[in-house]
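Taken straight from Swiss-Prot:
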BINDING   Gly11, Pro12, Thr13, Ala14, Thr15, Gly16, Lys17, Ser18  ATP binding site
BINDING   Thr13, Ala14, Thr15, Gly16, Lys17, Ser18  substrate binding site
SITE      Ser102  site 'Interaction with substrate tRNA'
SITE      Arg123  site 'Interaction with substrate tRNA'
Amino acid sequence: MTSPVPIAVVGPTATGKSDLALDLAERLGGEIVNIDAMQLYRGMDIGTAKLAPAERRGIPHHQLDVLDVTETATVANYQQAAVRDVEGIAARGAVPVIVGGSMMYVQSLLDEWSFPATDASVRARWEAVLAEKGVAAVHAELGRVDPEAAASILPTDGRRLVRALEVVEITGKPFAASAPRIGEPRWGTHIVGVDRDTAELDDRIRLRTRLMFERGLVDEVRGLIDVGLREGVTAPRAIGYAQVLAWLDGEYDLDEAQERTFIGTRRYVRRQRSWFRRDTRIHWVDGSDPDLADTTIRTLGETRRMGER
């Protein structure tokens, strides 16, 4: 018996991916696998627009609420866990519906991507350089040992620069040698991208941001501080949470925190759009389509008829 082929619903934030994934899973007999890095965290609900259990229509969801805010989310750990989930769903005869917009997490799941081992002592040494000398010094060192990697990573992205230096030192090879191999998606996954008109999407982001603050984002952050949010590495950097933490620290007023959350989200959406639009395997649909699920299913049917898996 042939296993069901997964469907991935990807694209920018606030386009309507979650609702489409629910519709597809409901119609096709599927289970959902989250691919939003910040929705991995327990208690980070309002600021990540995580669906409440009552909104999930009784459909099983995987890779939600699997980390404490003190734990570090990593692409490598996610890949291992999500691959098990997708293959387990397919083995049960259900359709895995993968949904989210965290770019590297999407790539790790759908493409062949082997992650080099880590070395805590090597990483700690480079993290110390980052802390003591700043991101410019780390970027300059990467430029010396691996110019191609230095050119491909934002000079302000300290975490990725440190990781690149760690990989180069451990493997003795350029960082690009561990890059994903783009080709046929893993499991022959059908990839659907959801997007909207830019002005419309900006309005949706503005509304979503306002509602997050009205519905208790500040109280959510305060509660998470009590369980270690400030001690985390990745969780406190999430858009919305970082801005509320800065407000609590007196860096600016609450209106400014909300505005910065909107601007940060809009900027992130532009990055997502640029990233996903480069992937020619994605079949794009308009999130404003009133018959979006029907259109998507039709698109998937046409894909199969064209001979794609």
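Any Cβ shown, glycine's included, is placed from N, Cα and C.
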Fewest other Cβ within 10 angstroms of its own Cβ, chosen from the binding-site residues Thr15, Ser18: Ser18
Other CB atoms, at most 10 A from the CB of Gly16 (ATP binding site): 21
Under 8 Å by Cβ from Gly11 (ATP binding site), counting only residues of that chain that are 6 or more apart: Lys17, Gly101, Gly193, Val194, Asp195, Gln272, Arg273, Phe276, Trp284, Gly287
Check: same-chain CB within 8 A of ATP site center, minus Gly11, Pro12, Thr13, Ala14, Thr15, Gly16, Lys17, Ser18: Gly101, Val194, Asp195, Arg196, Gly287
Residues near Ala14 (ATP binding site) in space but at least six apart in sequence (CB under 8 A): Ala49, Leu201, Arg204, Ile205, Arg208, Thr265, Val269
DSSP state at Lys17 (ATP binding site), helix/strand/coil: helix
Check: same-chain CB within 8 A of substrate site center, minus Thr13, Ala14, Thr15, Gly16, Lys17, Ser18: Gly11, Pro12, Asp19, Gly101, Val194, Gly287
Arg123 (site 'Interaction with substrate tRNA') to Ser102 (site 'Interaction with substrate tRNA') - Cα separation in whole Å: 24
Protein Cβ atoms within 10 Å of Ser102 (site 'Interaction with substrate tRNA'), excluding its own: 22
Pairwise CA distance, Thr13 (ATP binding site) versus Ser102 (site 'Interaction with substrate tRNA'), rounded so that it is a whole Å: 9
C-alpha spacing of Ser102 (site 'Interaction with substrate tRNA') relative to Ser18 (ATP binding site), in angstrom: 13
Top Cα neighbour of Ser102 (site 'Interaction with substrate tRNA') in the set of binding-site residues Pro12, Thr15, Gly16: Pro12
